[in-house]
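What Swiss-Prot records for this protein:
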REGION    1-440  region 'Histidinol dehydrogenase'
BINDING   Gln261, His264, Asp362, His421  Zn(2+) binding site
ACT_SITE  Glu328  active site
ACT_SITE  His329  active site
REGION    441-807  region 'Histidinol-phosphate aminotransferase'
MOD_RES   Lys655  N6-(pyridoxal phosphate)lysine
Amino acid sequence: MTDHFDTLIRWQECHDEQQNALLTRPAISASVEISRTVEQILHAVKEYGDHTLREFSRRFDKTVIENIRISPEEIAAAENSLNNDIKQAMQQAMNNIRVFHEAQKPIKIEVETQPGVYCQQVTRPIDSVGLYIPGGSAPLLSTVLMLGTPAQIAGCHKVVLCSPPPIANEILYAATLCGITEIFQIGGAQAIAAMAFGTESVPKVDKIFGPGNAYVTEAKRQVSQRVDGATIDMPAGPSELLIIADAGANPVFVAADLLSQAEHGPDSQVILVTPDEALAKKVITEIEKQLTRLPRNQIAAKALAHSRIIVTTSLQQCVEISNRYGPEHLIIQTRQPEQLVEKITSAGSVFLGDWSPESAGDYASGTNHVLPTYGYTSTYSSLGLADFLKRMTIQQLTPQGLLNLSQTIETLAQAEQLTAHKNALTLRVAALNIAGQGVNMNNIFDANLLARENIRKLTPYMSARRLGGKGDVWLNANEYPLAPDFQCTEQTLNRYPDCQPASVIRRYAAYAGLQPEQVLACRGADESIELLIRVFCEPGQDVVLFCPPTYGMYSVSAETFGVEQKKITALENWQLDIEAIENNLDRVKLIYICSPNNPTGNAINPDSLRKILELTANRAIVTIDEAYIEFCPENSIASWLKNYPNLVILRTLSKAFALAGLRCGFTLASVDIITLLLKVIAPYPLSTPVADIAAQALTAENIAIMQKRVVEIRENRNDLQQALNKLAIVEKVFPSETNYILVKFYDAETVFKTLWHQGIILRDQRKQPGLEGCLRITIGSRKECERVVEAISALSTVNEQPKEIAN
């Protein structure tokens, strides 16, 4: 075992004490002198404010400052002084940091832990934060971006930045990019004191972020332990790096990465762990070559004096050493790094493969470079959006909810001998029983107790509008982007409409090639889905079958009526698994098949549909949902109705007819089935205005206009597929027969959230079986499609070799 970096250490030959010593970090404990000096600085700033800040700047920074705060004119001048290259680089880095941290926005949690007991978890931004940026010969502009960007995303009301004078123009411009205007030219422990306690010029903040020297680190520690101080981001220590490398690693890259961390300071520590001794020797040689060419080679050499090259018996042993050490930065330069990272339990930030240098994370990949060091990775995490937020829980109990919990709470309070806690319950329960108020604990109304159990447990269908969002490009509901021009002609709103408006039925029958008696008009195809279950399925006896991934209302409707479901997952190509369906037809009364299928966009093989119809003859109703059939009319099987009496077809005016807001759909079936559905349908499913506009839409002239729309959408679809297929972030663009496409992304979450915040709303399909990483994109106008491509292009680089799509 040695303290020299050019000597290999064979881990297996070291006993426990030696192994512990090898992984021991350089001591960083603040000296008594530093602690005492910092304590005096804190006291002086708290007592004398700005006067002390000016005096310390003169004494420590050799600078006389008139104005502690940087003026708007100075900030503007700083921006004008920089060349475009540095400004563009900073903008690109901030964009990536923003994308990654936007994706960290927490969701509101709402649960009913038991009937009448409602609990929430919400987040709020920390009201005021202070950012400390060290001075020196090289401006740490990247740290401004790493701290300022998440503070801005979190919505912190006040963001203060302090840095020693004179503040570099790059730091001022970086602060401007992050929306920071309160910038103060003070450094060292006195800056930490000013932000912790406040002065005449510098506002007091709630939490302080940022690195610094021993005095800054000690000042942060001391103010974090004072009631009148401020909390801090995390304990600080020297920078460190551990590399796990196999025989295939490039020794030039490994050496460069080790030196990039060693040059931070003489107390930095770098460690190479590898099972390949030949690689270790090549790295030593390469370090000697590269070290001589570094301007900071003396600093790096001092850091190397307490760094290590360790040879192990296996990559698994490398992982064990890394987890034991818990590095700030971990680089895994192996042939299959993804397999090893699953075993890593403690690291600040991990860099996978030969092409992921630690400097990428330092500046521009998007992850945060403010990381726990000195072994704190066992309990601390890399800086993120959550560090600028605070969690808050909310609970609300109904009277019945309180009664349901009262005995439990009283028993636990009694066990802890906290009588006042118990009384808080006992008095409320007594109040609910006071006869003078006419309240009886047995008669308190709680709607949840009356609701059917399956409804209490039901997860509602999340329609596009129910999911919310604030956008101007809505591509999540498969609607047409422009409203058609129709005017109401009927003036009989004082009268109830016909149950089945004759003109609508007659015209749709003609359009579909059927008799009017085979057509039922309803409030969208969704109503037909429910009507069929109500007519044909006995709860607790019959079964509804469908094949996910598919339209969610089949499941929700069955669950609403308490009807059992069988879900036969589609094949990999999203065609029907006929064998599995045939083996699961017991008690099945109703089958739903979407063709073209939502959300995958593919038409179902007609041979498969015919096979299902034959298997279920006289046993079950087979419902083919043709909501998107206008985009591929050759795939319609409406003409089969004359041969298959158990066939039902669902249609809508929402898609190609561009009338989603009308809520008008149709059921096509035999006369016998239509007659049964008429028994349970609401008396007036179509309002007079709906029937009026639907009849107009079904004229020959407007059908021709609809068909032109289809041609336009198909052209836009093909162009969008081709454009997306060229982007590196896109794993696959699936073929589609509809007005939407399904796209698989390498990072779907980032794409979805980034576009969401830009006002481009897509449909997230990642929770559907087999659709991991997939988003559904409605085909909008040409301009909307171009915006989608532009937004996703910003997250991706273009492949030189486009992927092939089949369509």
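Note that Cβ sites are derived from N, Cα and C of the backbone, with glycine treated the same way.
Its own atom aside, the Cβ of His329 (active site) has 24 Cβ atoms within 10 angstroms in the protein chains shown. Cα-Cα distance from Glu328 (active site) to His264 (Zn(2+) binding site): 13 Å (rounded to the nearest whole number).
Here the CA atom of His329 (active site) lies 10 Å from the CA atom of Asp362 (Zn(2+) binding site). Counting neighbouring Cβ atoms within 10 Å of each of the recorded positions (Glu328, Asp362), the lowest count belongs to Asp362. Annotation note: His264 (Zn(2+) binding site) sits in a coil segment as assigned by DSSP. Only Gln261, from the recorded positions Gln261, His421, Lys655, place their Cα within 10 Å of the Cα belonging to His329 (active site). Annotation for the residue listed as 'N6-(pyridoxal phosphate)lysine': same-chain Cβ neighbours under 8 Å, separated by at least 6 residues, are Asn478, Glu479, Tyr480, Ala627, Tyr628, Glu630, Phe631, Thr738, Asn739.
Mean predicted confidence for the region 'Histidinol-phosphate aminotransferase' (441-807): the pLDDT average there is 91. Ranked by how many other Cβ atoms sit within 10 Å of their Cβ, the binding-site residues His264, His421 place His421 at the bottom. Within the same chain, residues at least six positions away from Gln261 (Zn(2+) binding site) with a Cβ under 8 Å of its Cβ are Ser239, Glu240, Leu241, Ser268, Val270, Ala303, His329, Glu358.
Reduced to three states, the DSSP call for Lys655 (N6-(pyridoxal phosphate)lysine) is coil. Secondary structure at Glu328 (active site), as computed by DSSP, is coil.
When secondary structure is read from DSSP and collapsed to three states, His421 (Zn(2+) binding site) falls in the helix class.
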